[in-house]
Amino acid sequence: MSQKTRMAPKPDPQSLSATAADSSAQVSIDPFFHILKFVPYSFLRPPRLRLKLPSFSLPSAMTVFSLILLTYFMVVSGFIYDVIVEPPGIGSTQDPATGAVRPVVFLSGRVNGQYIIEGLSSGFMFVLGGIGIVLLDLALDKNRARSIKVSYSIAGISSIVIAYVMTTLFIRIKIPGYLR
Amino acid sequence: MAAVANMPVSDLLKSFKLKTKQQELLIRVSILCLVYILAFITRLFSVLRYESMIHEFDPYFNYRTTLYLTQNGFYDFWNWFDYESWYPLGRIVGGTLYPGLMVTAALIYRILHFLRFAVHIREVCVLTAPFFASNTTLVAYFFGKEIWDTGAGLVAAILIAVCPGYISRSVAGSYDNEGVAIFALLFTFYLFVKAVNTGSLAWSLASAFGYFYMVSAWGGYVFIINLIPLYVLVLLITGRYSMRLYVAYNCMYVLGMLLAMQIRFVGFQHVQSGEHMAAMGVFFLMQVFYFLDWVKHMLSDTKLFQAFLRITVTCAVTVGTIALGLGMLSGYISPWTGRFYSLLDPTYAKDHIPIIASVSEHQPTAWSSFMFDFHILLFLFPAGLYFCFKRLSDATIFIVMYGLTSMYFAGVMVRLILVATPAVCLISAIAVSATVKNLTVLLRSKNKGVQTGSTKGSGSSKASSKALLDQSQPFQKNGAIALLFGAFYLLSKYATHCTWVTSEAYSSPSIVLAARGAHGSRVIFDDYREAYFWLRQNTPPDAKVMSWWDYGYQITAMGNRTVIVDNNTWNNTHIATVGRAMSSYEDEAIEIMRSLDVDYVLVVFGGVTGYSSDDINKFLWMVRIGGGVFPVIKEPDYLVNGEYRVDKGAAPKMLNCLMYKLCYYRFGEMLTEYGKPPGYDRARGVEIGNKDIKLEHLEEAFTTSNWIVRIYKVKPPNNRW
């Protein structure tokens, strides 16, 4: 057969057996096949199973994007800092006058330090701002009903505004001399 | 008559009127020129405030080597053995540094001298980083153009010109490898993406040379040699294998690897080190892919090909795993080094390698560091990722991968925010460009609708329908204008933030300290340079100075004296010896100092000025590092109930160790603050415990005017009779 002369230069016996098995579907020259036909499977009967190898298909782009957004939220809220440095969830100071213990949300004094809760809330604000811009883009897509477009654009604009205002507020609380 | 006279003028004006394409080109070129200048001048704060000097610690070593290079030529520089550091071991400088930065600065120096500009090499060194930052903006423009379009390229150039994450390591005076390396990194990535997009051999070879420049510039080249194979793997998995990718990756890998081996510091790591094996594995995988593609092209039977495919892939994977296993077991392929392993497993350094864990730049990143260094870009980054996912192509897949991997590493280590900055700027530029484009399309289509309506409008029915549409159109037009103003407002806030951060946080030379005086006036502490100059003038030329490793580079560069340990930290035992000497009693310490031929000891003390990065605050690291090698030094001996104190309640070992005595000698009589007792340490905020300090084997040689640097002379042994 002309196919065989144009095959791979060094055919190993398994590929040869595959070609032979394919070209003449009945008789196989595979020795292992013949051995196995005799030794266990002449008296053992394999059961009829309806198993299928799990087929592996690539997820869609938007699924991957949502996973990435989750990872981004974790990284940007200082998750690794939390795991290694193990700060408390929220700080506390003692009121000098009354002696009561008051919670302190923002770790002040250092730029590279945080409590867990402040990290998570800031990370949420960043992701909210990002989603706001995404919603704006979805609102400008032509193939939707007008009411949905309007609601997307309102949600997008309000998300961006809230996220920006809150983030500026947070950084002003944390770094007292900000922009002065 | 007047009309005729006016005609030539209007004709003249008409001849100057450019076509739209030329107008666009003019706008683009002028924007790029302005951005180039902006990137340069925003980094000049410290030069204008103080003077043109080199900052920090590491740049002093780079400056010293560049000086040596310009004075002695490349051959002597490449084979230089430095006997003035790490006494008595010395340091093979030629084989343990990345020469890219020094060679670049020396080249610029030679070019300027050739053009008869007689500049001093120090000026060239100080201004190298801003110059390369400007070049990076140009590369960012071309890269953005490659990934998305020219608008995104322009925005990327603007964003990266002022982004604080990049400015922090490329201000004027910060003469460090990163200043040049980020340019080389972005350049290599741009050339590689261009090669993958065009499939041209020329671009692939250019990317190999770009990679060579990166390898010569910075140890972070490991990021490139791992990201590009990962990118190729992702392309293969998503079914984007093509001949262009094959040509680009093969050329870049083979030629890049050969070129990289020319750098002595890198040596044979590309075939021997575990960190570089991913690239080799993907290289062989590409050959398998090409082979399978060729066989598929030859065969016309698909079932045959499926069988062949399964067998070949199994064989290839088995052979690869066996080869890798053999390599690692026999020790030929070395495992990942501690510095890079701690990026994958961040808890590793804390438990095992205290030197890496002690550097403040290696701490993980908190949210405020991200906000400080990125500001608006943190919102635009996920939006840009969304746009990239909407329009997937080879180039956008690359920038997404670069962005994600670099953001993860930036989360692990603060210093690596620098590597993430170009990716974040590019992706944010995509978001800005796409959003602005959407909004302006909204604006311009409404205009067109109104105009066609007015020109065509004849029938009343048409007029009424147009009127209905016109009701919503101005609203949308106004909305679009408002949103554009909002975007402009946000970007201007970004620019304000970046300039403020640059001015306040990232422009301090670290070697000159500044503080606000009593009435708001600025007080400058120039104690470091005062002490180094004193060393240079008043000690014998072969004197050996012992200090903590932070100051080693500065002492050799400015004081011109031999040091025991310096910032290279290549020998942990030597550093531990110094740490042991600093934390022992004076009698034990003098034995160690005599064995090392130490003549002078230098300590940094912040008690008078309130300077908090002094040796007493770093002392616990000396104990930990010393105790890591010499178990006789135990950290709990220096602590009281787990607390580190220097006042009356401090541990007795702490009150009598060498570091304490050298820092607080004669400090007990010093009045530092009004209303506080003498001997009040302003940096720790306590009155010191041991005020009456007597030194037996050392004597005070020099204390700077603000007591920040103190130098002691080791007395020769007593005469024996």
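All positions are counted from 1 along the displayed chain.
Every residue, even glycine, has its Cβ placed from backbone N, Cα and C.
Checking the ranges B:395-411, B:480-496, B:650-666 against TrEMBL, the transmembrane segment annotation falls on B:395-411. Tertiary proximity for the transmembrane segment (B:277-295) is limited to same-chain residues at least six positions away from its ends with a CB under 8 Å from its CB atoms, namely 225-226, 228-230, 232-233, 236, 241, 245-246, 249-250, 253-254, 257, 270-271, 305, 308-309, 312-313, 316, 320, 324, 327, 333. Of the two recorded stretches, the transmembrane segment (B:92-112) lies close to the transmembrane segment (B:180-205), with three or more CB pairs under 8 Å once pairs fewer than 6 apart in sequence are set aside.
Against the transmembrane segment (B:150-168), the recorded stretches B:25-45, B:246-265, B:395-411 differ in Cβ pairs under 8 Å, and the greatest number is found for B:25-45. In summary, the transmembrane segment (B:211-234) does not lie against the transmembrane segment (B:25-45): fewer than three C-beta pairs, each 6 or more positions apart in sequence, are under 8 Å. Same-chain neighbours of the transmembrane segment (B:395-411): 146-148, 189, 192-193, 196-197, 223, 227, 230-231, 234-235, 238, 240, 343, 364-365, 370, 381, 384-385, 388-389, 417, 419-420, 423-424, 426-427, 430, counting only residues six or more beyond its ends whose CB sits under 8 Å from a CB of the stretch. Here the domain 'STT3/PglB/AglB core' (B:544-602) has, by DSSP, the following mix of helix, strand and coil residues: 33 helix, 9 strand, 17 coil. The list of residues near the transmembrane segment (B:180-205) in space but at least 6 beyond its ends in sequence, with Cβ under 8 angstroms from a Cβ of it, reads 100-101, 104, 128-129, 132-133, 135-136, 139-140, 142-143, 146-147, 166, 169-170, 211, 213-214, 217-218, 220-221, 223-224, 228, 242-245, 247-252, 255, 394-395, 398, 402, 418-419, 421-422.
Over the domain 'STT3/PglB/AglB core' (B:544-602) the predicted model carries a mean pLDDT of 93.
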